[in-house]
Amino acid sequence: MAAGPAPPPGRPRAHMPHLTKMERVVVSMQDPDQGVKMRSQRLLVTVIPHAVTGSDVVQWLTQKFCISEEEALHLGAVLVQHGYIYPLRDPRSLVLRPDETPYRFQTPYFWTSTLWPAAELDYAIYLAKKNIRKQGTLADYEKECYDRLHTKISHAWDLVLMQAREQLRAAKQRRKGDRLVIACQEQTYWLVNRPPPGAPSVLEQGPGRGFCAASRVHMTKSADFYKQEIEYCRRALGRTRVKSSVCLEAYLSFCGQRGPHDPLVSGCLPSNPWISDNDAYWVMNAPTVAAPTKLRVERWAFSFRELLEDPVGRAHFMDFLGKEFSGENLSFWEACEELRYGAQAQVPTLVDAVYQQFLAPGAARWVNIDSRTMERTLEGLRQPHRYVLDDAQLHIYMLMKKDSYPRFLKSDMYKGLLAEAGIPLETKKRVFPFSWRPRHSSPSPALLPTAVEPTAAGGPGGGDGVA
Amino acid sequence: MAREECKALLDGFNKTTACYHHLVLTVGGSADSQNLRQELQKTRQKAQELAVSTCARLTAVLRDRGLAADERVEFERLWVAFSGCLDLLEADMRRALELGAAFPLHAPRRPLVRTGVAGASSGVAARALSTRSLRLEAEGDFDVADLRELEREVLQVGEMIDNMEMKVNVPRWTVQARQAAGAELLSTVNAGPSSVVSVEERGGGCDPRKALAAILFGAVLLAAVALAVCVAKLS
């Protein structure tokens with residue numbers, strides 16, 4: 001349980017690389033000749049070495065990396081926030097003060113990268129130890145965490161208490177100075193990993209990130225390690241590679257082609273609805289609109305996929321194919337799409353319908369598929385599933401793309417559409433910076449619309465309009 | 001009786017694991033040395049011996065079908081504590097391997113982190129091995145061979161955990177711990193005074209002037225008391 005979840009198969013990726021960089025900085029600070037100047041901390045009776053002052057840290061960073069003092073201060077503050085350096089006088093506030101306040105370095109065991117993620121069992125043991133040492137006076141949030149942990153891992157509570165007592169007894173074997181230092185180190189670690197409420201958690205990561213620590217040591221004795229390496233190398237060999245010169249050229253041409261069409265890059269006509277509160281832009285570019293804009297029609301020439309994805313474009317293409325007497329291709333493609341993305345329960349009936357309409361010999365709208373694909377499809381139709389028509393669909397798609405699509409682009413129909421499509425005029429900019437028209441707020445969903453039919457109140461159609 | 005024996009073994013294993021944890025804390029820091037690595041090796045070997053014997057004992061008992069229900073509950077509790085402790089040991093061994101590899105001692109590739117811990121840890125190791133005192137002298141390149149050994153042992157412990165889970169199936173949610181939350185406060189008689197002192201020391205900061213003032217005040221108070229006694233005697 002303390003080791004965390006098992007690592008996923010495959011080579012573990014470098015996790016939280018900023019921590020490795022911080023550790024390198026901390027280690028270079030330890031250099032006996034060029035590191036930070038160390039002092040001793042003098043307590044009542046004991047003297048503990050290896051204390052540094054905040055100003056020394058800032059000065060060393062400024063010198064080593066040749067940066068400004070402000071930047072060095074920020075870098076030092078980041079080191080303190082992640083727990084690599086901890087303050088001695090006020091351990092709860094992890095800030096770097098560029099004066100004589102003393103700090104000390106954290107031991108590598110408690111570096112965040114070694115013990116990531118912090119385990120619940122370890123936190124429970126730490127709180128139990130603190131409870132024993134402080135005779136029950138924990139901070140409020142710590143008491144809450146203690147109770148919560150007790151509910152969560154109550155089966156392991158014997159172990160928690162046994163370990164807590166034994167760890168305290170083991171610590172007594174050390175001399176007082178070492179004991180103090182180790183207690184401070186552990187406290188800092190838990191302040192960073194379980195911050196008190198209100199303190200920013202520096203280790204927060206977005207969803208979908210962060211898994212267990214990538215082990216830096218390769219366990220060369222186990223067979224699993226070599227199996228993973230072989231798998232990794234095999235996958236790496238099988239990846240297709242494109243020269244960066246080629247793909248960068250393609251990227252440049254893509255940007256050049258799409259630049260004028262992007263509303264953020266080149267502005268949008270008639271006006272940006274978010275700024276001018278005029279939604280004509282959305283109305284004009286709705287999915288199904290009678291008169292598409294010129295930009296939209298131009299986009300159909302970029303690629304076949306663009307044409308098919310636009311409902312207006314698809315409709316016009318269907319008309320064109322109708323004139324060429326090959327409309328069944330597009331209908332077949334649409335039917336296959338419906339099969340792929342439709343409901344699971346409809347799959348057998350749909351497959352049957354498609355077969356009867358398009359694929360059976362002598363069907364009403366027979367599509368022209370080559371014999372090999374037809375054989376494979378007919379084999380697969382014995383056990384129909386939603387991807388059984390994929391091969392045939394791809395064949396028809398490539399046929400349309402290579403054959404009908406270039407003809408469509410050269411056709412009079414398309415040229416006519418291009419000429420007809422207009423560029424919307426830009427709305428005149430108002431003289432005054434603010435608009436005279438009152439801004440409409442969207443109707444609150446709590447207000448029922450007044451036009452609800454009384455007869456349909458109890459039926460399934462009732463309640464429409466309320467979002 | 002079997003229960004007492006298992007409990008004693010578990011207590012010993014728990015103690016050794018705690019001591020090992022305490023020793024691993026200082027790897028990579030200023031107290032790291034070949035002696036520390038040797039102490040770590042001895043401690044973890046002792047811990048593994050205890051783990052093997054406890055595991056064998058507990059497995060034998062729990063696989064016995066003719067066990068009474070309340071005894072079974074008791075042994076399952078011990079089993080859960082033992083497997084948790086073994087997980088902790090394995091995690092600490094892995095970390096020791098990582099840190100030992102990152103901070104090698106034989107060739108100073110990386111300087112050790114100056115953490116302020118300077119004393120010897122032989123007391124902790126002696127406690128782990130249940131001896132009065134420990135005197136070790138490790139050679140200059142002890143840690144190189146030690147790391148290879150450690151890697152093998154980590155894999156062995158991992159295998160032991162897997163075997164344990166295969167042989168005995170104890171669902172964790174059915175086990176009820178005997179000690180409640182806050183039970184540690186009831187038996188902390190001997191931990192009291194030293195902890196109070198340590199808290200005060202840490203809060204005292206590095207101010208010798210305060211100590212001087214306290215001594216002066218005490219002296220003045222004593223003088224005042226002596227004078228008052230003399231005045232009372234005279235009058």
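Think of each number as a place in line: the chain as shown, counted from 1.
Every residue, even glycine, has its Cβ placed from backbone N, Cα and C.
TrEMBL lists A:32-107 with the feature domain 'DEP'.
Break the domain 'RGS' (A:303-418) down by DSSP state and the numbers are 89 helix, 0 strand, 27 coil. The feature domain 'RGS' is assigned by TrEMBL to A:303-418.
What TrEMBL records for A:439-467 is region 'Disordered'.
The compositional bias 'Gly residues' annotation in TrEMBL covers A:458-467.
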Query raised in the report: Taking the domain 'RGS' (A:303-418) alone, what is its mean pLDDT?
Result: 93
Query raised in the report: So how many of the residues in the domain 'DEP' (A:32-107) end up helix, strand or coil by DSSP?
Result: 25 helix, 18 strand, 33 coil
